[in-house]
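Here the structure comes first, spelled out in structure tokens, and everything after it is commentary.
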Amino acid sequence: MNTVMTSENLTSGDIVINGSVGTPFCDDAKMSMRNVNVFYAENQAIHDVSLDLAKNQVTALIGPSGCGKSTFLRCINRMNDLIPQCKVTGSFVMDGAELYAKNMDPVLLRARVGMVFQKPNPFPKSIYENVAYGPKIHGLATSKSELDEIVETSLQKAGLFNEVKDRLDKPGTGLSGGQQQRLCIARTIAVSPEVILMDEPASALDPIATAVIEELISELKEKYTIAIVTHSMQQAARVSQKTAYFHLGKLVEMGDTKQIFTNPSHQLTENYISGRFG
Amino acid sequence: MTTTHLAFAVIIIALFSYWLGIKRAITVAGGEQHTRQLVSLPSQYGLLTAFWCGLPAILFLLIWSAIEASIVDSLLIQQVMLTLDTTAQQNMSLLVNNIKILAEKVQLNEDVSAATALQLQHAAYYTELNTKATWLKTLLTLVIAVGCVAVLLTKIKQSFHARNNLEKIVSGLLFTCSGIALLTTIGIVMSVLFESIAFFSKVPVTEFLFGTQWSPQIAMRADQVGGSGAFGAIPLFVGTILISTIAMCLAIPVGLMIAIYLSQYASPRLRSVAKPMLEILAGVPTVVYGFFAALTVAPLIRDFGILVDLPIVAESALAAGLVMGVMIIPFVSSLSEDALTAVPAALKEGSIGMGATHSETIRKVLFPAAIPGIVGAILLAVSRAIGETMIVVMAAGLAANLTFNPIESVTTVTVQIVSLLKGDQEFDSAKTLAAFALGLMLFITTLALNIAALKIVRKYREQYD
């Protein structure tokens, strides 16, 4: 709350956010969000945000605390359904289908749009069971050997297999923080999603584990469309191709990462990335 | 002065010395405005002085009161011994008692003409001893109180750390309080243990543990027609297990479902109503459950038995077990709900985010993560069921049948303890002592269950924080 107040005092007094600038839309969009508003009871958390997630690219959502970037991310796979007072309006389209349509099953949607959380949250089960969890509930494997294969390939894609192959039956909670986060990524990959949402996936990790995760994200974009919320601007610059800057629930500017970080169009974006606040 | 008067006197002196301590501290500092030079606050010097005055004096009073009677008695016995021949000495305790009663009569100016001169002489000696003891007690207590204050007042200097000393006294007081709880527990265990050992010297342990006949009536005289006195506790344990099992069969599923519903599905408004209601269920006195079982549930079950042509006795294990089950539902549901709510939200989000449904998430992630807490809740409920008395006393009857049939009448360990100790009893008969042996068994069982519950909860607690 304080951060919001401060940044508002610092900036919004003289700088007006009047629609977003830059290029929020692209030609090969995997997902298209239009005129999104999100309300928590009386409070509006997101104001009229429209943007695209480009296919097989990493889109970074940046902005000061409380700017609504996490809220926006969680709307994309309808995790906000879990919060009773939360109301979402606007349109979310993935491959031509409206995500908030009546006939859209949020459970199936979440299998197609996976999510990795800020704090590593492996289930209190073995490493194997953690990865096999998704395939089991979605019936993706018909036999034990098929399941074994899914688990192995998922762990390999997450770059964890060589570290844990001898102890797949040990609890996932016994791994280090970085390994736990890669386990969570492997768990998400195991259900073959099309989009992966990452909510500050490296904020609880040390620099070395962070570097491993960032490298992994760059590899994963070959197969998946990725949206990542991050507080670290260096991280956004390193891993993403597109960057969206949020401020007070509004999308201020979006464009190619290189352009945003070298030549931002909006004064607020420039203030933020040059470290004047946030 | 009596001990109570003395205690009051000490408290008054302590209050006075509080003021004295403050005065002294201020004087040492060199006046009101210089109290900053002291290492502690003036009120802390006052408090310390008060504690120093009160605590040793009260402690002395307690110890004196504990040993005074036995010292006076032994002095009296010495005196009596001098004047009596050895044959009379066998009844010494009786003699001493008579002398004490006589002394009291003399003090109350009652008729003492029946007493001999020697007895009167002893009585007078006893009165004299008591008077001396009281004087000594008063004198010593006051000297200790005043002396301690005097010593402390001379110790108060600018650099005297009253604050630290006060902290030590406070931690000492807290330690004493926890010691009282601990000693009480040990005392109860010891008394039960020793009476049980006395019982096992009359009835062999093996008969008690493995005998299948329970009939604790013993003929008091040779010509009396009474029970033979069989002390096989197996029927009681079987009855206890039967009723507890019925209770748990009801309480575990219902309690867990309630916990899952309240923690995962219920709207905040419903939860805010349902939780206090459940807690009221836990607060109903067990005797109320007892007559609910005996007057409402048992006849219902019997009528139902008649309907389906099943001979259900009025005081069936089923009725008692079911009502007991209702009673312990809140124990299971409340603790399990806490365990489920304590599972980090991140785990739930992780599972939902994988595309699991709500119930899949509960079954496969939340429930396994909450298992230690749930097992703890269940074990706690079991030990509660085993130790429960009122419901079974009123609804399950006294007949010690060895049966696993829930529609028959059985009895439990606790019920038998109640019936063994009801009314007048002599403390050297096997019948009375059997209650202690049963109590010991009950204590060991519930203790083992509680330890198991704690172990399980501790073992798995750190794993998912």
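Cβ coordinates are placed from backbone N, Cα and C, and glycine is handled just like the others.
Per TrEMBL, the features are as follows:
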DOMAIN    B:237-453  domain 'ABC transmembrane type-1'
TRANSMEM  B:6-26  transmembrane segment
TRANSMEM  B:47-67  transmembrane segment
TRANSMEM  B:135-153  transmembrane segment
TRANSMEM  B:173-194  transmembrane segment
TRANSMEM  B:236-260  transmembrane segment
TRANSMEM  B:280-301  transmembrane segment
TRANSMEM  B:313-332  transmembrane segment
TRANSMEM  B:365-386  transmembrane segment
TRANSMEM  B:433-454  transmembrane segment
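Within its own chain, the transmembrane segment (B:6-26) is flanked in space by residues 32, 35, 38, 40, 42-43, 45-54, 57-58, 61, 137-138, 141-142, 145-146, 149, 152-153, 156, 162, which lie at least six positions past its ends and keep a Cβ under 8 Å from the stretch.
Against the transmembrane segment (B:47-67), stretch B:135-153 shows more Cβ pairs under 8 Å than any other of B:135-153, B:173-194, B:365-386. Counting residues 6+ beyond its ends, the transmembrane segment (B:365-386) has Cβ neighbours under 8 Å at 240, 243-244, 247-248, 251-252, 255-256, 259-260, 264, 324, 328, 331-332, 334-336, 338-340, 342-343, 347-348, 350-351, 356, 413, 442, 445-446, 449-450, 452-454, 456-457, 459-461, 464 in the same chain. For the transmembrane segment (B:433-454), the residues of the chain that approach it from at least six positions outside its boundaries are 189, 191-193, 195-196, 198-200, 202-203, 208, 216, 231, 233, 236-237, 375-376, 379-380, 382-383, 386-387, 413-414, 416-417, 420-421, 427, judged by C-beta separation under 8 angstroms.
Outside the transmembrane segment (B:313-332) by six or more residues, the chain places 239, 242-252, 254-256, 258-259, 278-279, 281-282, 284, 286, 289-290, 292-294, 297-299, 301-302, 377-378, 380-381, 384-385, 388, 391-392, 395-397, 405-410 with a CB less than 8 A from a CB of the stretch. Long-range contacts of the transmembrane segment (B:236-260) within its own chain (CB-CB distance under 8 A, at least 6 residues past either end) are made by residues 214, 278, 317-318, 320-322, 324-334, 336-337, 339-340, 362, 367, 374, 377-378, 381-382, 385-386, 392, 396, 400-404, 406, 410-414, 416, 438, 441.
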